[in-house]
Amino acid sequence: MSTTLVEGVVESSTAVCDHSHTKKKILPSEIGTDYSFKRKIVWKNVFAFVVLHLGALYGLYLGFFEAKWLTIVFVWFLIFATGEGITAGAHRLYSHKSYKATLPLRVVLLILQTIAGQNCMYIWARDHRQHHKYSDTDADPHNANRGFFFSHMGWLMSKKHPMVIAKGKTIDMSDLEADALVMFQKKYYNPLYFFLALVFPVYLPVYLWNETAWTALFTCYFLRYVALLHITWTVNSIAHYYGTKPFDMNIVAVESKIVSLWAGGEGWHNYHHTFPWDYKASEFAAPLNATTTLIDIMAYFGLAYDMREASISMIQKRIKRTGDGSHAIYGSKKVDDNHNNEMTKMQ
Ligand SMILES: [Zn+2]
Ligand SMILES: [Zn+2]
C-alpha cells in the first residue's frame, strides 16, 4: 500500500476544529492517500446529477430565449444570496466559528443555506471540518490527491472511503448538536428542502410576475441550483490545484483569484487552510471577497460580532517560515533581502 504524507495538515486545521493549536504531524503509516484504492461508483447519485445537469442546460436555454428579465434577475439574486448562505453561513460561521451571529442573522443564513440545497448545515459543517482536519488524505471527503474531478464532484458519486467514515465519527460536532436551530433543520431537512429550495423559488416568479411554471422550474430551480453547486465545488477542485502557496507550501490548497471572484472570496485557499479561523478567509476584502464585505456590513448593523483575525505579524512570520516565496509584499525572497540589508547595516 503506497501512502503519501501531507504535512502540516493537523497543524493548520486543529486551530479551527478544536482550537488546540497542537503541532502534531500525521505519520505516513497513520494516514495518507492509498493510490491503489479502487473507488465504487454510486449509480443512483450519478443518475441524479445527470438529470440535474440536463435540467440546468435546458434552464440555460430558457434563460436566454424564454424567461422574463425579472426571472433572470431573480436567478442571479438567488445564486448570490444562497451562495452567502454557504460562504458566510455554512463555511465561516458554522464550520469555522470565525465570527458570531445574532439569532436573526443565523435564521436567515440557515434559510439561505437550505435554499442552496447542499445538504443540511450539520452534515455540510462536519464534512468541511473533516476536510480541514485531514486535508487531501484518504480521510478527506474530497481528497484532491484522487484527481481534479473527484475533488470537484466525483466524491459525491462515489462510495465513501472507509477512512472518511471512520474519521468522520471523530469530528467534534458538539457545538452544532447544542444548536436547536441547526438540529431542527437537520431533522426536517427533506420537507424544508422541498418547500424552500424547490417550491418557493419556482412559485415566486409565477405568482409575482406571471412567469410560466415550466420556465421558473428549469431556471430558478435546476439552473441556479447546479450553477451554485459548481461554484462551490471549484473551491475544492481549482483552489486545490492551480495557484500559489504564499502562506504554506506544505499543503495542497492554493490561492486562486478566479475562484475568489465567483465564490465570494473563498478562493484564497492557501491562506484559509493556514488560518482557517480567520473570518476573512484571506487577507483581502472586496472586490474579491464579497463574503467578508457582507460580514463587515452585518457587523456594522450589530448582527455579526467577535470576528477573529490573524494579525499581520502572525501572517508575516508564517509566510517566512512556510511560504513558497510568492507573496506580493512579504514573499520570503523579499523578507530575506530585507533581513540581509538589516544584517549589512549592522556590520
Ligand atoms: Zn480546501
Ligand atoms: Zn474552511
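Cβ coordinates are placed from backbone N, Cα and C, and glycine is handled just like the others.
Record features (TrEMBL):
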DOMAIN    69-276  domain 'Fatty acid desaturase'
TRANSMEM  46-64  transmembrane segment
TRANSMEM  70-91  transmembrane segment
TRANSMEM  103-125  transmembrane segment
TRANSMEM  192-210  transmembrane segment
TRANSMEM  222-242  transmembrane segment
TRANSMEM  284-305  transmembrane segment
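Counting Cβ pairs under 8 Å to the transmembrane segment (222-242), the stretch among 70-91, 192-210, 284-305 with the most such contacts is 70-91. Here the domain 'Fatty acid desaturase' (69-276) returns a mean pLDDT of 96 for the predicted model. Outside the transmembrane segment (192-210) by six or more residues, the chain places 68, 70-71, 74, 78, 111, 114-117, 185, 216-217, 220-221, 224-225 with a CB less than 8 A from a CB of the stretch.
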